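Asks: Structure below; questions to follow.
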Amino acid sequence: MTQISRQQYADLYGPTIGDKIRLGDSDLYVEIEKDLRATYGDELQYGGGKTLRDGMGSENFLTQEAGCLDLVITNVTVIDAIQGVVKADVGIRNGRIVGLGKAGNPSTMDGVTRGLVTGASTDAISGEHLILTAGGMDTHVHYIAPQQVEAALSNGITTLWGGGIGPVDGTNGVTTTNGPWNLEMMLRSIEGLPINFGIQGKGNSTGIAPLIEQLEAGAAGFKVHEDYGATPATIRACLSVADEYDVSVAVHTDTLNESGYVEDTIAAFDGRSVHTYHSEGAGGGHAPDLLKVVGQNNILPSSTNPTLPCGKNSVAELFDMIMVCHNLNPRIPSDVAFAESRVRAETIVAESVLHDMGAISMIGSDSQAMGRIGETYLRAIQTADAMKKARGPLPEDAPGNDNFRVLRYIAKVTINPALTAGVGDVIGSIESGKFADLVLWEPAFFGVKPKLVLKGGLVAWANMGDPNASLPTPQPMYYRPMFAAYGSALQKTSITFVSRAAYDKGVADRFGLQRLVMPVSGTRVIGKAHMVRNSYLPNIEVDPQTFAVKVDGVHATVKPPQSISLNQLYFFS
């Protein structure tokens, strides 16, 4: 058999087993662990003089109805919390991922994976020098402006989870869409937005009927927030309804400790599955020791991106954020004290360390309500890099690569939010049968600016050049909506997630919804142990005077970095 050098192979088909890829300008390196394409020398590749031609890599007679792929991503490097770091062809058909492996024509090629047959129905994305990830899920979104969708897609986020009705004071502070009428209007509004949505109802009610009517109107879960009273009684009532109707509950706890301390809130959870927002506390929650929640096996902890990674300016910007988001007045001393109680440098630094240890399982944005919706993937990779520089290699990493660390942070913005919300069987990873929400990145821009964003197997968002140019690449290049963002294709490639109660009561027909409507499921059995690569249960102590955080008896701290990767090199502002 003819042999070529590793360099020549990489030039032709991209990296393979043992090759390493640097992620942007960071110090993170991933190494390909497995090549799922079976054998070398029979690669499928699109282009002039390449192999994806009729009678070669393209099967002559197979129809789409009989199983021919709609789209193949060839020779791509997959970075996925479930799959690991692997080389593969990825096949898509009818908006779903068919599988990973070797694609092509089994009549002329050896080792073609079952189901990954290419033919006249198949289009191609050349993935040889690209990285493929699952579309990200932002689990903490205030629906303040519909233009958030554009910013989210521009950083590889394909699913939003939160609540609100626009730029009203309640939505500026709380991620809930309150009551049946507001839920109906929001479900109607998002019909034209090319991204998946889950809407949280207002969980702040000790009465049961107002909670149930929200689920039947299309809420996909609940949020309990301190601005509406996160009392133990409210939490218990909301969790009881959630248990009966199989939906998730997110909670923003009581910063002022008026109705109890963190131990009282944990007791109110009563061992039931609950998602704690911004578990560090700068975004809100029991001061100063909310971090104790990350050591509970029934609690699914997340935190938000404004403090990730903790840089030299992180603390300084938080005060004004809190004052604006929670309708506080800087002329009122008690309002100022409320804001100041949430800003603790020691716990903010510990937040990054706990993420690196896998103790905090998810990252959300807290969009326009302290966080930045277009930076969730970005902040995850920046934090991974900052922690490598501050703490060194993780014990789980193999010598010479950062695979485990990178996959840990990828899980925080993909599969773990999906599992928590009850949609992990549909999105969150690159697995057979899942919705083809996928993101392609050039390695130099990984985590910062995607090349293509696919929704339901069709390109929805892309970095596109001048439409009047002779090529797709001439300037000005910026993100533009693509065909999956237009017409009725939008409704076929984007999902609205609702409760099973709403789904069974025909919410789509009642409200005239044209998007794909799917019910959440399995939320009440999810615990910390299910958080992929992020299931660590430490013992947390917070000094009430200095706010120093000890994790299993060891002070959890690092020096804030003076500079951060994937930052000014990539942005004009």
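Cβ coordinates come from backbone N, Cα and C, glycine included.
So Swiss-Prot lists these for the protein:
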DOMAIN    135-573  domain 'Urease'
BINDING   His140, His142, Lys223, Asp366  Ni(2+) 1 binding site
BINDING   Lys223, His252, His278  Ni(2+) 2 binding site
MOD_RES   Lys223  N6-carboxylysine
BINDING   His225  substrate binding site
ACT_SITE  His326  active site, proton donor
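Would you situate these features in the structure and describe their surroundings?
Replies: Secondary structure at His140 (Ni(2+) 1 binding site), as computed by DSSP, is strand.
Within 10 Å of the C-beta of Lys223 (Ni(2+) 1 binding site) there are 30 other C-beta atoms, taking all protein chains into account.
In the three-state DSSP scheme, Lys223 (Ni(2+) 1 binding site) falls into the strand class.
The local packing around His225 (substrate binding site), expressed as other Cβ atoms within 10 Å of its Cβ over all shown chains, amounts to 25.
Cβ neighbours within 10 Å of His326 (active site, proton donor), excluding its own Cβ and spanning all shown chains: 21.
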Asks: If you run the three-state DSSP split on His252 (Ni(2+) 2 binding site), which class comes out?
Replies: strand
Asks: Return the residues near His140 (Ni(2+) 1 binding site), defined as same-chain residues 6+ apart in sequence whose C-beta is under 8 angstroms from its C-beta, sorted by sequence, else 'none'.
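Replies: For His140 (Ni(2+) 1 binding site), the qualifying residues are Trp161, Gly162, Thr175, Ala250, Tyr277, His278, Ser302, Thr304, Gly364, Ser365, Asp366, Ser367, Gly371.
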Asks: Tell me the Cβ neighbour count for His142 (Ni(2+) 1 binding site), meaning other Cβ atoms within 10 Å of its Cβ, over all protein chains shown.
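Replies: 27, counting other Cβ atoms within 10 Å of His142 (Ni(2+) 1 binding site).
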Asks: For the binding-site residues His252, His278, work out the Cβ neighbour count at 10 Å and name the residue with the minimum.
Replies: His252
Asks: Measuring Cα to Cα, how far is His252 (Ni(2+) 2 binding site) from His225 (substrate binding site) in Å?
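Replies: Checking the Cα atoms of His252 (Ni(2+) 2 binding site) and His225 (substrate binding site) gives a distance of 5 Å.
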Asks: Once Lys223, His252, His278 are set aside, which residues in the chain still have Cβ within 8 Å of the Cβ centroid of the Ni(2+) 2 site?
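Replies: Leaving out the recorded residues gives His140, Val174, Thr175, Val224, His225, Ala250, Val251, Thr253, Thr276, Tyr277, Gly283, Gly284, Gly285.
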Asks: Summarise the model confidence on the domain 'Urease' (135-573) as a single mean pLDDT, whole number.
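Replies: So the average pLDDT across the domain 'Urease' (135-573) works out to 95.
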Asks: Return the count of C-beta atoms lying within 10 angstroms of the C-beta of Asp366 (Ni(2+) 1 binding site), excluding that atom itself.
Replies: 30
